[in-house]
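Since the structure comes first, as structure tokens, the remarks are kept for the end.
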Amino acid sequence: MANVAVIGAQWGDEGKGKVVDWLASRADVVVRFQGGHNAGHTLVVGDQTYKLSLLPSGLVRGKLGIIGNGVVVDPEALLSEIARVSAQGLAVGPETLRIADNATLILPLHGAIDRAREQARGDSKIGTTGRGIGPAYEDKVARRAIRIADLAEPETLSAKLDELLLHHNTLLAGLGAETFEKQALLDQLLALAPKILPYAEPVWERLDEIKRAGQRILFEGAQAVMLDVDHGTYPFVTSSNTIAATAAGGSGMGPSAVDFVLGIAKAYSTRVGSGPFPTELFDETGELLGDRGHEFGTVTGRRRRCGWFDAVLVRQAVKVGGIQGLALTKLDVLDGLPELKICTGYQINGETFRRLPASPAAQAAAKPVYESMEGWSGSTQGARSWADLPAQAIKYVRRIEELTEVPVTLLSTSPDRDDTILVKDPFEG
């Protein structure tokens, strides 16, 4: 049986939650391998709607959830999320959730620095969620992070906090923000330890056992390829690598761990916050896409920017992300539009490009080259087979396949998990 990684192929918010939920019902284990609680999934199960930011989506299907070492974990946010879903009747405990003991912790000072920096940027804001993800990754790379395993060694925490505060309080003071007292942080960590440590273990060992037992593993990515810290629209990106290759390192498994990479893309484009967006629409069509698609962020509540499908961007995501099949979502949002446009290239300073350059100045200057297609008047909502789709809708999907150079293996036609057209089963490789 194949192990599957699911990643976003645009700027996030592509509908990964529904697709992951659909796949999780057929997996044995669901693994988070990067990011933090800065991205959200909305899952509808029966009459319950779950909003998850840190917990693996498979938990709502009764599957084992694993948070890998590549994730930065805010312990307060984790416990709050567990309490919230538990109040909805979902049992989450050490039997159903395991967390890598070498995962980095997000502390209150990380969020404080995140917000202070963003405020200091003024009009040049990156658009972070202010939840401390970036500063926590900085500490990890600088080898001063406090990790979950450190909670089991309280005698070492004081010295580690000294090093941490030497760095962060200097930054906070320079930004004119309030600094932190060591004792308050130490007391908080000591109080959290007995609540967090029961979930901790070297998850690489468990995942090795799961793999050798032939069980199905679903790797659940957060954010998307175009928010990757290396391959995205830098500096308007997240602080981790979001491509499928990260699934191995972020969970403690080797590169052979992933057999199939499924990329999620909307049938149009959206983006939250700042950064280049060549196909963004500022007219009534853009408003229509936002209203029909209910385009508001799960975590921030911010209205998403909307535009036409960018085949150049998604093709690039396919190549650098290792995507072998696309799950195309929200096709029904395009129902009734008389004309559709797909971006097939960019004009930048008089030159035509079939890629998004790395230079921020070139990205900001990119003007889309469009190909127009006839829309469809019929409804695609709730379609569960190709026969249910209007002919023009099928043509639109086929053209996306041609331009992105990857097959559409799954098509979503409504938020309902059963309104899905399966072309190829990702778990069959």
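For all residues, glycine too, the Cβ spot is worked out from N, Cα and C.
Values in this document were obtained by computation on a predicted structure and should not be read as measured data.
For the recorded site, THR413 (GTP binding site), the DSSP three-state label reads coil. If you look up Swiss-Prot, you'll see 12-18, 40-42, ARG304, 330-332, 412-414 marked as GTP binding site.
Under the DSSP three-state reduction, ASP13 (Mg(2+) binding site) is assigned to coil, being neither helix nor strand. As annotated by Swiss-Prot, Mg(2+) binding site applies to ASP13, GLY40, with the evidence given as sequence analysis.
Same-chain residues at least 6 positions away in sequence with a Cβ under 8 Å from that of GLY15 (GTP binding site) are, in sequence order, ILE264, LYS266, ALA327, THR329, LYS330, SER412. Residues annotated as IMP binding site in Swiss-Prot, with sequence analysis given as evidence: ASP13, GLU14, GLY15, LYS16, ASN38, ALA39, GLY40, HIS41, THR129, ARG143, GLN223, THR238, ARG302.
Other C-beta atoms found within 10 angstroms of the C-beta of ASP13 (Mg(2+) binding site) number 26, with every protein chain shown included. For ASP13, the entry in Swiss-Prot reads active site, proton acceptor.
Taken residue by residue with DSSP, HIS41 (active site, proton donor) is part of a strand. Among the features that Swiss-Prot reports, active site, proton donor is placed at HIS41.
Residue density at ARG303 (substrate binding site): 14 other Cβ atoms are found within 10 A of its Cβ, drawing on all protein chains shown. The feature substrate binding site is assigned by Swiss-Prot to THR298, VAL299, THR300, GLY301, ARG302, ARG303, ARG304.
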>> Let me make sure I understand the structure: which of the binding-site residues listed (GLY40, GLY301) has the fewest other Cβ atoms within 10 A of its Cβ?
In response: GLY301
> Considering the binding-site residues ASN38, THR129, which residue's Cβ sits among the greatest number of other Cβ atoms within 10 Å?
Replying inline: ASN38
> What's the longest C-alpha separation between any two of ASP13, GLU14, GLY15, LYS16, ASN38, ALA39, GLY40, HIS41, THR129, ARG143, GLN223, THR238, ARG302, the listed IMP-binding residues, in angstrom?
Replying inline: 35
>> On a simple 10 Å Cβ count over all chains shown, which one of the binding-site residues LYS18, ARG302, ARG304 is most densely packed?
In response: LYS18
